[in-house]
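Visitor: Sequence annotations record features per position, and here TrEMBL assigns compositional bias 'Basic and acidic residues' to 118-129. For 7-96, 134-312, the entry in TrEMBL reads domain 'EIPR1-like beta-propeller'. Taken from TrEMBL, the feature region 'Disordered' applies to 116-135. Annotation source TrEMBL lists repeat 'WD' at 237-273.
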Amino acid sequence: MEDDAPVIYGLEFQARALTSQTAESDAIRFLVGTQSLKFDNQIHIIDFDDENNIISKSVLLHQAGEIWHISASPADKAVLSTCYNKSEASTLPFHVTRHLSRVVTCGAVWRMPPEWESGSHESPDDPHNSHNPQNLELLCHLDNSAHGNTSSVLWEPMGDGTRVISLADNHALLWDLTESSTQATISSSATLEGKGQLKFTSGKWSPHHNCTQLATANDTAIRGWDLRTMSQIYCIENAHGQLVRDLDFNPNKQYYLASCGDDCKVKFWDVRNINEPVKNLEEHSHWVWSVRYNHSHDQLVLTGSSDSRVILSNMVSISSEPFGHLVDDDDLSDGEDNHQYDKSKEPLQDSIISTYEEHEDSVYAVEWSSADPWLFASLSYDGRLVINRVPRALKYHILL
């Protein structure tokens with residue numbers, strides 16, 4: 001098999017929730033949540049053996065409902081959160097509702113059985129694993145009916161697993177978890193105020209500024225929040241021409257934020273100057289659902305779209321290594337007074353590294369592996385998970 005050849009895994013269920021295991025581990029592991037109205041929903045634990053190009057899976061039952069969002073604890077590889085749909089009986093009289101029930105979206109924190117933590121589980125063909133999956137252990141709920149439907153749960157980056165934020169309709173709720181994650185209490189909250197029915201569509205907890213900042217998207221706007229006061233610190237009113245779908249912070253440049261949306265665009269922002277994006281990408285032909293910076297090499301940016309494509313871009317001109325080596329933000333902002341760099345030396349050119357077309361349905365999620373910076377996964381709605389690698393030639397160009 002070629003070194004850069006994709007590895008494809010079919011879940012046999014529709015799915016749109018994907019995350020990489022973030023707790024410290026050498027294992028390459030992705031978690032996928034399914035969406036099924038007929039069968040019990042599941043978490044698929046996908047372990048990838050990079051040397052032999054082999055996928056191993058475990059299946060755990062998620063009987064609470066269809067999974068819309070999944071996220072892994074940064075501190076405990078057995079703990080994860082999900083946002084899921086469940087039907088709730090209507091409070092209206094039966095003769096009014098007939099058999100109608102309303103669907104609500106909830107958030108919860110779960111623990112895997114101990115034997116699934118290490119990756120020492122059955123092969124994909126083991127019938128026992130597929131036909132007799134175990135249940136996740138519910139640790140605590142993260143919903144409060146007063147705050148509405150929970151769209152996503154965000155763990156504090158590089159935290160100890162005791163702080164999460166849930167986005168529920170127009171509320172951002174900061175929760176404190178006990179060490180065992182079995183109890184959650186709201187410590188503070190922020191509310192999106194304005195005309196109409198405002199709802200958060202996505203959010204990202206910044207790994208910078210001592211983890212005191214949050215970015216959120218609602219409709220076409222992007223907002224920044226100070227978590228110490230739960231107050232708004234910036235607002236990009238019309239960041240995209242249509243709905244903003246996803247956000248991600250540059251891991252190496254504290255003021256840089258990427259966004260994507262239904263206008264088919266990916267935009268890069270310096271939140272100190274929100275009048276214009278510093279860069280636009282217009283390579284997709286339909287809604288862009290997911291954008292992710294590489295955790296180590298921030299010039300590498302992944303996007304996934306309803307055009308069924310995954311695009312890997314080399315955004316080197318706005319990275320922390322625009323000249324091929326590390327540059328500090330302050331060095332570039334010194335302007336005329338800075339003579340450290342030869343003025344004839346231009347930043348390296350941005351480019352599209354590769355377009356991946358292994359999917360046949362909308363790609364709802366892309367994620368870099370937390371264990372291997374050169375490996376990433378993408379998930380389409382038909383349940384196809386594709387694992388790809390950064391091309392070897394580019395890898396060595398970056399490293400050398």
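Backbone N, Cα and C atoms are what each Cβ position is placed from, and that goes for glycine too.
Give me the lay of the land around each of these features.
Guide: The average pLDDT for the repeat 'WD' (237-273) in the predicted structure is 97.
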Visitor: Can you count helix, strand and coil residues in the repeat 'WD' (237-273) using DSSP?
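Guide: Tallied per class, the repeat 'WD' (237-273) gives 0 helix, 18 strand, 19 coil.
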Visitor: From the DSSP assignment alone, can you count helix, strand and coil residues within the domain 'EIPR1-like beta-propeller' (7-96)?
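Guide: For the domain 'EIPR1-like beta-propeller' (7-96), the helix, strand and coil counts are 3 helix, 54 strand, 33 coil.
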